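If you check TrEMBL, you get these features:
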{"type": "REGION", "residues": "1-34", "note": "region 'Disordered'"}
{"type": "COMPBIAS", "residues": "19-34", "note": "compositional bias 'Basic and acidic residues'"}
{"type": "TRANSMEM", "residues": "50-71", "note": "transmembrane segment"}
{"type": "TRANSMEM", "residues": "182-200", "note": "transmembrane segment"}
{"type": "TRANSMEM", "residues": "266-284", "note": "transmembrane segment"}
{"type": "TRANSMEM", "residues": "304-327", "note": "transmembrane segment"}
{"type": "TRANSMEM", "residues": "348-368", "note": "transmembrane segment"}
{"type": "TRANSMEM", "residues": "420-443", "note": "transmembrane segment"}
{"type": "TRANSMEM", "residues": "487-509", "note": "transmembrane segment"}
{"type": "TRANSMEM", "residues": "521-540", "note": "transmembrane segment"}
């Protein structure tokens, strides 16, 4: 039965392709004859529209990449800096990613470089890691191969090549958003407006300003390409050639996206839920949706094999959901239509899928060996108010701005650029239209094969419904965690631009209002041109001068204290030395000097998180002996105290590192509603600067400047003296 059902499915797909291929030219010829236009004239017109649209899309992407490069140069004076000063601009985890790119280029061969990364014991003391798997270094592998294979060593410096690739990907990102909006609305004016809103709201659409090598800056452009291809794939009456092209592009971009970012399967889970809801209400061709599910399965298993058998992908919710959907579909296909069981299954479909998903995910986690990110589950519990904790790592994560609810400034910025009001308008119209369509489907009314402009039924277009559901789900995430706004806001730009430029959306609104004074089709066509033009001119007048001012202003990023520290380490510290300090500083030390460190600014590994918490104790109220034991347990030779952390005056009391440590260590006493830090020991980072016993027995100051104090950790003999 299953084989015959699959054969029927393939046969229907072939029939649909051939029918659409035959029907499309016939319908176009009928329309052309009515308008008195020859097919040759229409072909030239369509080619011209396609050519100028593609030219505008590519030009927008290239101009955005050039804009980012120019802004980066103005901000950091990159071309006039020495190599050390350039590398200091990479902060935190960005420094770690770029340091591995440097190591690959220094290796005698690419194969040797990859081996050293997969068996890395020169980064973190007492720890051998597979850096490629743990830190998802596939972007660095690709960048190093391209740099060496293209013979760019004699043409461009490695750092320029690296950031040039990232800026180029951001150009592709913008181009993909342009194309998505163009495909949905039918006019590349929507694409231009999408790009304008994206750039104007750059603070909320991308993290490229703060962290160039971050994984999402490498991955999200591929996801945008996948969404653009998926938008075209979901369209009705698509000819076979276009459908195959979109299918192949969806396949390639989904797999590439999964390889570039360790959290990619969570974003694909949101997309899979969107497609599941789309299919549940019978608003899209089931065959197409299930083809996308197969792409997910293929990408997950191929990713599992090529990511060193990454068990995280096997226990991911995405795999459980897709497997549940495929199983539920097989049940439906193998039941006779019209029977009681088939009707019951149709009603209980969503409940059945969710039940199978949860059960399957639970079973996979029981039987598949994997490293469970316990801190992630605990964080979700505390974030939702289901639990409380004094744990330093949990509270530190909760204090991070990216993991808090978005501020009012975020919504104010989107409103000032007119993006949020138009997005809400478009979303409301589309939601009402989709609700009407779902109600008609429940009543047994079939969907129209071809939705015409005069029908005013924008909710019957599957690609529109998909984007409405997708942006709502991403919006829910963004309302909880500000860091996820970078996933949501770009598609807000795209959907809002599509809406104001789409005659169908205006026609849907006029159908509800029942306009009689003016012809609704004519008014819809006029508004779809006039409204985006007015928006474009207002944005140009208000924001273009600001963007030009950004590019003309010479900003200065100079950190002489960090430069002096790195210079001292390279000149004075032994090659085998191990440094201990804050994870953010350790990342910079690893990049700029190559010396081994005791911790890294990475938060996807429980062991590294525990290390970070232990080494942060240098800012707590603990004894010199306790700190000494912690540091020597990681074979650290030098300790670096940062004055900015030790004397931190944070905007939110209770979120400073020293406050979180006092809470975790039980050094906080509450009296009459006020909290006081209490311990029989003074704060270590203050006391060690006094140079008195017992601190001088354990630590010897060897270097200091305005921001950093470096101490050599004494040997056991010095300790006993």
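Every residue, even glycine, has its Cβ placed from backbone N, Cα and C.
Most Cβ pairs within less than 8 Å of the transmembrane segment (521-540), among stretches 50-71, 266-284, 487-509, belong to 487-509. Between the transmembrane segment (182-200) and the listed ranges 50-71, 266-284, 420-443, the one holding the most Cβ pairs under 8 Å is 50-71.
In terms of C-beta pairs under 8 Å, the stretch of 50-71, 266-284, 420-443 lying closest in packing to the transmembrane segment (487-509) is 420-443. Note on the transmembrane segment (420-443): residues 281-283, 411, 414, 457-460, 464-465, 468, 471-472, 492, 495-496, 498-500, 505, 508-509, 512, 535 of its chain, located 6 or more positions outside it, place their CB under 8 angstroms from a CB of the stretch. Distant neighbours of the transmembrane segment (50-71): 163-164, 167-168, 170-175, 178-179, 182, 188, 191-192, 195, 198-199, 208-209, 547, 550-551; these residues of the same chain sit at least 6 beyond its ends, with a Cβ under 8 Å from one of its Cβ atoms.
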